[in-house]
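**Student:** Questions regarding the structure given below will be posed in turn.
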Ligand code: ASP
Ligand code: MG
């Protein structure tokens, strides 16, 4: 069986017009003789009657008291409504189909309600339905524990459902249909001439996704990377094949891209606070106490830089006051820069290439953007900048690396 998993996000199933496009993509894949698994998100966005955010607000009507197990039951309804709606559309058009919940589709999770992790996927039932000639519509974002309890996979979890099923079924592609044409070199709301990428590697996509690109959930990319399932991120509204996320060796990158730059994209994470603590040389145990105290209070730290006399790290803005109070309680004096942004410059080819950081610092200096902190890995260079410099910084970097010229898609 040649199988494709098509995942349709909340906006893609929100209106009758959008659902016609869903029908179109389903028909197209069937005409190409694929067996089809269709994973759906809950319909629409915040404010729409059956959107996940709406269900969440219902869950809070007596305060934040709902038990996690019951919250999962409530939240799983959005995808069920969506799946049943798509099912009737297909039935109306005489496309044989059946709906399976996450549990029925064999998505088995641990019992961490509201943020469960998939432990295994048993695709037996899905395969059976495919063999019978059904388009199998699976409710995204949900699974079931080995005890039969309904769980949800954390916000944005439908992408994870799709790639996990794709992996278990050895699908040819997992198509993530969404409201953008593909993966862009930068956020098009910030950079007008941001270009659409034809291909990105799993590693690049992971970096983009973890560092703020909202198009696909990072966990979904990780699953695809581990299992080598190709993903196409594409628009419900068009027939363009979108951006292919795949393994580096499978990428036949256009010469223009290789020649121009090793960088493929820029992402941003705004609303973080940089915390700096300085002490006298020769004292070390304070570092341990700071990081331990953060951990004990459940505060996740990022962008960590440790020197003999100084540590610096970031936390989300809304945790800054709490973090500062904890540090003061340890008898230390934190210096806070609130409202910073972490800007990531991503490209799988940067390792060992001289001059990437030179270009970054040149681009930012030319625009009077101060780098508060920086870090790097083999695929990414991160810079921390003041929030008010973020847009300027992203535009300058995009220009410096000629990313608009990647527009070959
Ligand atoms: N409906 C869920 C959410 O909004 C899952 C998803 O759309 O991916 O988080
Ligand atoms: Mg989503």
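Just so it is clear, glycine is given a Cβ too, placed from its N, Cα and C backbone atoms.
Pulled from TrEMBL, these are the listed features:
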type	residues	note
BINDING	7, 8, 9, 10, 178, 179, 189, 214, 215	ATP binding site
BINDING	52, 79	substrate binding site
DOMAIN	345-409	domain 'ACT'
**Student:** What does DSSP give as the helix, strand and coil breakdown of the domain 'ACT' (345-409)?
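**Tutor:** Going through the domain 'ACT' (345-409) residue by residue, I get 29 helix, 13 strand, 23 coil.
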**Student:** Do you know which of the binding-site residues 7, 189 has the most other C-beta atoms within 10 angstroms of its C-beta?
**Tutor:** 7
**Student:** Any idea what the Cα distance is from residue 79 (substrate binding site) over to residue 9 (ATP binding site), rounded to a whole Å?
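**Tutor:** Cα-Cα distance, residue 79 (substrate binding site) to residue 9 (ATP binding site): 10 Å.
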**Student:** Give me the Cα-Cα distance between residue 9 (ATP binding site) and residue 52 (substrate binding site), rounded to a whole Å.
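**Tutor:** Just about 12 Å between their Cα atoms.
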**Student:** When you measure from each Cβ to the nearest atom of ligand 2, which of the binding-site residues 7, 9, 79 fall under 6 angstroms?
**Tutor:** 9
**Student:** Near ligand 1, which of the binding-site residues 7, 189, 215 have CB less than 6 Å from any of its atoms?
**Tutor:** none
**Student:** Quick one: Cα separation, residue 7 (ATP binding site) versus residue 52 (substrate binding site), in Å?
**Tutor:** 16
**Student:** What is the total of other Cβ atoms whose distance to the Cβ of residue 9 (ATP binding site) is within 10 Å?
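**Tutor:** Taking every protein chain into account, the count is 25.
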**Student:** Within 10 angstroms of the C-beta of residue 52 (substrate binding site), what count of other C-beta atoms is obtained when all protein chains are considered?
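**Tutor:** For residue 52 (substrate binding site), the 10 Å Cβ neighbour count is 26.
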**Student:** Between the two most separated Cα atoms in 7, 8, 9, 10, 178, 179, 189, 214, 215, the residues recorded as binding ATP, what distance in Å do you get?
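**Tutor:** This binding site's residues have a maximal Cα-Cα distance of 24 Å.
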**Student:** For residue 215 (ATP binding site) and residue 52 (substrate binding site), what Cα-Cα distance in Å is obtained after rounding to a whole number?
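**Tutor:** Here the two Cα atoms are 17 Å apart.
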**Student:** Using CB atoms and a 10 A radius, I'd like the single residue among the binding-site residues 79, 215 with the highest neighbour count.
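**Tutor:** Per the Cβ count, the most surrounded site is 79.
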**Student:** Can you tell me how far the Cα of residue 178 (ATP binding site) sits from the Cα of residue 52 (substrate binding site), in Å?
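**Tutor:** Counting only the Cα atoms, the answer is 16 Å.
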